[in-house]
Structure formats: C-alpha cells, structure tokens
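Participant: Before I ask anything, let me first share the structure, which is written out below as structure tokens.
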Amino acid sequence: MAGCIPEEKTYRRFLELFLGEFRGPCGGGEPEPEPEPEPEPEPESEPEPEPELVEAEAAEASVEEPGEEAATVAATEEGDQEQDPEPEEEAAVEGEEEEEGAATAAAAPGHSAVPPPPPQLPPLPPLPRPLSERITREEVEGESLDLCLQQLYKYNCPSFLAAALARATSDEVLQSDLSAHYIPKETDGTEGTVEIETVKLARSVFSKLHEICCSWVKDFPLRRRPQLYYETSIHAIKNMRRKMEDKHVCIPDFNMLFNLEDQEEQAYFAVFDGHGGVDAAIYASIHLHVNLVRQEMFPHDPAEALCRAFRVTDERFVQKAARESLRCGTTGVVTFIRGNMLHVAWVGDSQVMLVRKGQAVELMKPHKPDREDEKQRIEALGGCVVWFGAWRVNGSLSVSRAIGDAEHKPYICGDADSASTVLDGTEDYLILACDGFYDTVNPDEAVKVVSDHLKENNGDSSMVAHKLVASARDAGSSDNITVIVVFLRDMNKAVNVSEESDWTENSFQGGQEDGGDDKENHGECKRPWPQHQCSAPADLGYDGRVDSFTDRTSLSPGSQINVLEDPGYLDLTQIEASKPHSAQFLLPVEMFGPGAPKKANLINELMMEKKSVQSSLPEWSGAGEFPTAFNLGSTGEQIYRMQSLSPVCSGLENEQFKSPGNRVSRLSHLRHHYSKKWHRFRFNPKFYSFLSAQEPSHKIGTSLSSLTGSGKRNRIRSSLPWRQNSWKGYSENMRKLRKTHDIPCPDLPWSYKIE
C-alpha cells in the first residue's frame with residue numbers, strides 16, 4: 001500500500017503467525033453453545049428407514065431366490081459401511097470426544113475393518129480469564145484492553161501493534177450490544193448496579209480480536225509511525241511471601257492505546273503493592289489509566305488528572321468490595337511522561353526516584369503513619385497511630401493512604417499526592433518500586449548498583465532490574481519486590497563517555513592531602529566508577545565476576561604526579577656503556593608537577609652544589625655516604641648524599657648481605673641527608689609523599705624503583721625482574737628467592753627483601 005509504514009511487513013508477518021496459534025475465540029477454552037445442535041438431526045433422520053428397507057429386501061430375496069442370500073448380506077454390509085463413517089467425520093469436526101466414541105462403538109460390532117479416526121488438532125493454549133466474575137459498564141473498556149494486551153503480549157507482539165489492536169478491539173466491543181451479557185437482577189426489591197458477566201464479555205472480546213487480526217492481514221490499515229520508546233527493565237519476585245500481590249503496568253505507547261492524535265508523546269508506568277489480597281492491585285492496574293484519560297483536565301493538567309483518577313479508582317473499588325465482600329487494598333505510584341514533563345502521583349509507600357547526573361533526586365515522600373502531617377490527619381478523624389512492630393493506623397496497617405481498605409475508611413484514604421518536574425536532558429533514569437525494595441535499599445545504594453551493573457556490562461541495561469531486586473533480597477527483604485527502571489537517555493553512550501573522562505577528573509588533581517600514603521594508586525583504572533562495586537548473587541549468573549574491590553583502583557584520589565617518559569625505574573640495559581652499573585649513579589627518576597610538595601621545593605632551594613659522580617664503586621664498611629641523583633622539580637639534576645646509619649652493604653656486585661636476618665631492620669634506617677658546604681649544616685627532611693606512584697613495567701631486564709617514604713616508615717620498594725643471562729644463573733636466583741625471600745640483582749651490591 002502506498003505510504004505504508006516500514007514496519008508493516010513485520011506486523012503482517014506477526015499477524016499471520018498469531019492467527020496460526022490463535023485459531024478462534026474458543027480455542028483451548030469452552031466451546032460455543034450455538035454450533036453444538038447442528039450435526040445432531042443428520043444421523044437421526046437418515047439411518048432410521050434403512051433397516052426396514054434392508055429387512056424387506058432380504059425377505060423377498062429369501063423367498064424368491066434362496067441362493068442369493070449371501071450376496072444380499074454382503075450388499076447390506078457394504079451399505080452399512082457407507083453410511084456409518086458420516087457421523088464419525090461430523091463428530092471429529094465438532095471435536096467432541098464423547099460423540100466420536102459413541103459413533104465408533106456403534107459401528108464396531110460385527111465389522112472387522114474400521115477406518116482410523118482422523119488425527120486430533122493439538123490443544124490450544126488457554127485464553128486469559130478475567131479475575132472477577134462480574135463488572136459494571138464503566139469497567140468494560142479497561143477489561144477489554146487488558147484482555148487483548150494479555151493475549152498479544154503472550155506472543156511477544158510489538159508494543160505499537162498491540163496497542164493498536166487492543167484499541168480497535170475495545171472500540172468494537174463498546175459499540176456492540178452488551179445487553180446479552182447482563183446478569184439478571186436479583187428479585188429482592190433493591191435496585192442494584194447493572195453488571196456484566198465477564199466470561200461472556202471475554203468470549204466477545206476474543207472473537208472481535210480474531211476478526212480484526214484476519215482483516216488486518218488482508219488489508220493493513222494506514223497507521224502513523226511508531227514512536228521511540230523509553231528503554232525499560234522490569235523484574236518482580238514473590239520472594240518469601242506466600243502470594244504475589246504486586247502488579248505493575250508499562251504502557252510505552254499511551255497515545256496509540258487511547259487513540260490520542262493531538263498530544264505529545266506520552267508514556268505511563270505504575271507499580272501497585274497489594275495487601276490483604278491481590279484484587280485491589282489488579283483492579284488499579286487495569287482501570288487507573290483508563291480513568292486518567294476520562295478526566296476533563298487531562299489535556300492541560302495531567303498531575304491533577306492523576307489525583308482524580310486515583311480518587312475515582314478508589315471509590316469504584318470500594319463499591320466493588322462491598323458487592324463482593326472484598327477486604328483488601330493497594331498502594332500505588334504512577335509516573336506519566338508527556339513530552340519533557342514528568343508527572344508523579346502516589347498513595348502509600350510505593351516510591352519512585354529520579355537519577356540525574358548520577359545523583360539521586362527525591363520526587364516524593366511516601367504516605368506512612370509516622371509522618372507528622374499524616375498522624376495529625378488520622379488523629380483529627382478520630383483514629384490513632386500506635387507502634388506494633390511498626391507505626392500502624394489503629395494498630396492495623398502500616399500505610400496511611402491506599403486504594404481500597406473499605407473497613408479502614410476514612411483513616412486510610414485514597415487521596416493521592418502529585419509532583420511535576422521538567423526533564424532537561426540530564427536525567428539518567430527512573431526507579432519505580434514497592435516498599436519491598438525501598439525498605440532495604442536506600443536511593444544512593446540503588447544508584448551504585450545500577451552504575452556498577454552498567455559499567456560491568458558495557459551499558460547493557462536489560463538485567464538492571466534483576467540486579468536491583470537481588471540487592472534488596474540480599475539486604476534482607478522478605479516482601480514481594482517489584483522494580484521498574486525507565487531509562488531517559490542512552491546509558492551506553494554515558495558509560496563510554498565516562499570511561500574516557502572520569503578517571504582524568506578523579507585521579508591526582510590538586511595537592512596531596514592524604515599524607516602521601518596512597519599505596520592503592522598503582523594500577524590502571526579500567527572502569528569509570530571503581531569505588532562502589534556490588535557483588536551480584538550467584539543465581540543471576542555472575543559466578544565468574546570479580547568484585548572491583550579486588551582490583552587495584554584508586555579509592556582516595558591524590559595529587560597529580562607527572563612522570564618522565566621512562567618513569568621511576570632504572571633500566572640498566574638502556575644506560576650508556578661509559579656509565580657504571582651501580583647504585584652510586586641513578587638516573588633522574590621523578591619530576592613533580594604543579595602539585596609538588598612544598599618540602600621538595602625547599603630542597604631545591606637549599607641545594608646549590610652538584611657532586612661529581614665517581615666511575616667506580618668503593619667498598620663500604622659500617623656507616624657511610626654515597627651520592628645519588630634525583631630531579632626534584634625543574635631546577636636541574638641535583639646530587640644528594642644518601643647516608644646509612646648502619647652497614648647496608650659489603651663487597652661488590654653479586655654479593656649478598658653478610659647478615660640476611662637483619663636486612664629489614666637495616667633498610668628501615670635509610671634516610672636522606674643533604675649537604676650545603678657554605679652553611680655548614682645538614683638538613684634532614686621527612687617526606688610524607690611517595691616519590692613513585694607507578695608499578696614496575698614487568699619487562700625483561702633489571703629495573704629499580706626509586707626510594708619511597710611514608711609518614712610512618714621509610715623503606716625501599718623495588719621490583720627486579722633480573723636478566724636471564726643463563727639457565728644456571730636463573731636457577732640460582734630462583735633457589736635463593738625460595739630460600740631467603742630475597743631478590744638478587746647482579747648489577748647492585750645488595751639484595752632487596754620482598755615486602
């Protein structure tokens with residue numbers, strides 16, 4: 001068809017497959033009563049005269065020609081076989097096993113060859129059945145829409161097509177004569193509400209749905225292009241409760257469902273938490289959005305329309321509860337999005353939270369008896385709020401507002417509160433949930449769980465609700481849990497942007513304020529939010545996942561350290577041949593940026609003389625000094641003297657400490673001493689920041705990390721992946737490592753003990 005939408009081919013294909021499974025309104029359910037009596041008169045009228053004719057012909061044949069008796073009997077049997085299969089075929093068409101069995105039994109005696117019955121059709125899946133047995137005329141539209149959507153979503157129908165089919169079917173049902181479905185009034189002298197039998201209504205709804213699907217396959221109507229939907233993640237569990245009393249609603253194409261052509265794009269999401277039974281939650285999930293559209297102020301004031309829809313839904317369910325002796329209620333929270341406006345309405349303790357730029361934003365305050373304004377309202381009506389495991393209204397319910405609960409009116413009312421906010425594009429997502437979630441997970445924890453899940457799965461949000469439900473259950477929730485996460489923007493792009501920029505913003509900016517004791521800042525940041533990782537339970541399939549607290553990531557950002565291109569480690573394989581390979585000569589290893597410690601600048605000011613580097617390594621015995629070269633700032637290379645207060649080495653390279661057991665204590669006494677000849681004094685600074693903040697490169701070759709210090713202790717931190725010149729030397733080094741836990745370096749006159 002000219003001008004058809006691109007999705008028409010997909011929709012037609014779905015309708016063909018759907019009709020193959022949904023072969024009629026009575027498939028898998030109760031048969032229609034009308035076609036039952038049609039095949040009955042056919043087998044009764046024809047077979048009756050046949051026995052008389054056969055007997056007369058047989059008598060005449062026996063008198064005139066006795067020898068032809070066998071031929072007459074054979075002809076009679078052939079006639080019986082020609083007449084008998086007719087009722088069998090009719091019974092098979094009807095699908096009634098009892099009539100088919102009776103016809104087969106009637107044809108079986110005296111006959112050896114009976115044709116096998118035709119194969120039976122596979123059983124059809126049962127159709128959705130309404131919960132209530134009777135409804136009013138005002139509730140027909142909601143019931144019709146719900147029955148259609150249930151049946152279509154069971155076959156994974158696209159949301160746009162499901163909304164269009166449900167709207168067309170509901171309109172056909174509302175325009176039909178519903179008087180045939182009325183329940184007769186009771187003759188008790190009282191005037192009651194006109195009620196409709198829901199089973200008959202359901203049969204009519206499915207019949208109309210089947211007819212519309214058949215017509216749309218042949219001639220698909222011209223429909224507007226489906227809108228872009230908000231990505232959602234939904235999960236609900238019964239948890240440890242005996243029954244599941246939560247219900248949720250997700251209508252991404254609100255305009256199509258109610259045939260609204262002059263409105264902006266609209267979406268509707270709701271969570272209802274029932275108590276005392278599931279009837280109230282089901283009723284609200286079916287009828288509240290229908291009552292919303294029927295309000296006069298809906299086009300220009302959706303927030304007020306939501307409040308009135310809650311009130312109307314509460315009043316009608318209270319009437320229904322009186323007719324059917326129901327004693328239950330439900331809390332509820334609804335979010336309605338129209339264009340760039342977010343409208344929220346709620347009764348009870350079901351909640352919704354907004355996350356903007358990674359921060360939780362409070363949109364509402366739940367209705368609980370411990371709220372001072374709610375307590376005053378209840379007491380003004382003559383009720384009371386008492387503590388009985390929790391604050392309860394009249395010692396019974398722990399919520400102060402709800403739909404239903406007729407026996408607790410007016411203390412527990414159905415008046416909803418509302419709130420509206422403008423969506424400026426910085427919003428991330430919404431989390432709608434019942435009290436089973438929010439009683440154990442606070443908003444900040446929920447944000448952490450979502451952010452961790454998104455970064456672990458590269459922005460895939462399909463299992464976010466499952467992760468939130470699992471976090472509430474693991475936190476101790478035993479109530480029903482329902483969670484809906486509505487993403488207001490593409491979180492995959494948000495995660496990718498954060499991976500590029502977040503670590504730059506959070507790592508080593510400004511001065512060092514943690515005393516330099518940031519040992520954890522040695523690894524690469526592989527995730528944008530490394531600080532808050534939540535472990536997923538095993539039943540969600542995250543068994544192989546590593547918690548980010550085991551990753552070496554920064555938990556306390558420090559000052560910025562700009563390291564040279566060959567940062568912080570002495571690679572002796574890259575030194576010029578004219579320079580000796582010893583600790584007496586070290587390359588410049590560190591350069592502090594703008595955030596350098598003040599003491600480092602003070603050292604540069606005090607240093608006015610450079611010592612020449614000797615080309616040979618002297619033997620040391622006892623305490624001594626040797627020069628080392630460091631570049632602390634931009635003033636150039638400085639020669640410092642490192643003094644050992646106790647003997648630290650003896651002999652030349654490849655020799656070990658003579659007293660290995662005392663190496664740790666000896667190394668702990670290393671200090672920096674800086675000399676200035678013309679002032680004739682020594683300055684002993686105490687460093688409170690690390691001079692190196694990078695891991696060893698782990699490449700083949702000898703490397704030595706710079707001296708490191710902390711506010712509490714001084715020590716040398718090293719990593720020496722020694723050169724593997726020969727297998728014999730490598731084996732010897734490994735033997736020494738296993739025996740003494742020392743790492744021998746062939747180019748240095750001492751060894752380092754592993755920390």
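Glycine residues also receive a Cβ, built from the backbone N, Cα and C atoms like all the rest.
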Participant: Pick from ASP262, ASP273, ASP279: which one does Swiss-Prot list with ASP435, ASP479 for the same Mn(2+) 2 site?
Facilitator: ASP273
Participant: Only counting partners 6 or more residues apart, tell me which same-chain residues put their Cβ under 8 Å from the Cβ of ASP479 (Mn(2+) 2 binding site).
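Facilitator: Non-local contacts for ASP479 (Mn(2+) 2 binding site): ASN239, MET240, ARG241, CYS434, ASP435, GLY436, ASP439.
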Participant: Identify, among the binding-site residues ASP273, ASP435, the residue whose Cβ has the fewest other Cβ atoms within 10 Å in this structure.
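Facilitator: Least crowded of the binding-site residues ASP273, ASP435, by Cβ count within 10 Å, is ASP435.
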Participant: Mean pLDDT for the region '11 X 2 AA tandem repeats of P-E' (31-52), as a whole number?
Facilitator: 47
Participant: What kind of secondary structure is ASP435 (Mn(2+) 2 binding site) part of, going by DSSP in three states?
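Facilitator: Looking at the DSSP assignment, ASP435 (Mn(2+) 2 binding site) belongs to a helix.
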Participant: Name, in the order they occur in the sequence, the residues of the same chain whose CB lies under 8 A from the CB of GLY274 (Mn(2+) 1 binding site) and which sit 6 or more residues away.
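Facilitator: Listed in sequence order: GLU245, ASP246, LYS247, ALA280, ALA281, ILE282, CYS328, GLY329, THR330.
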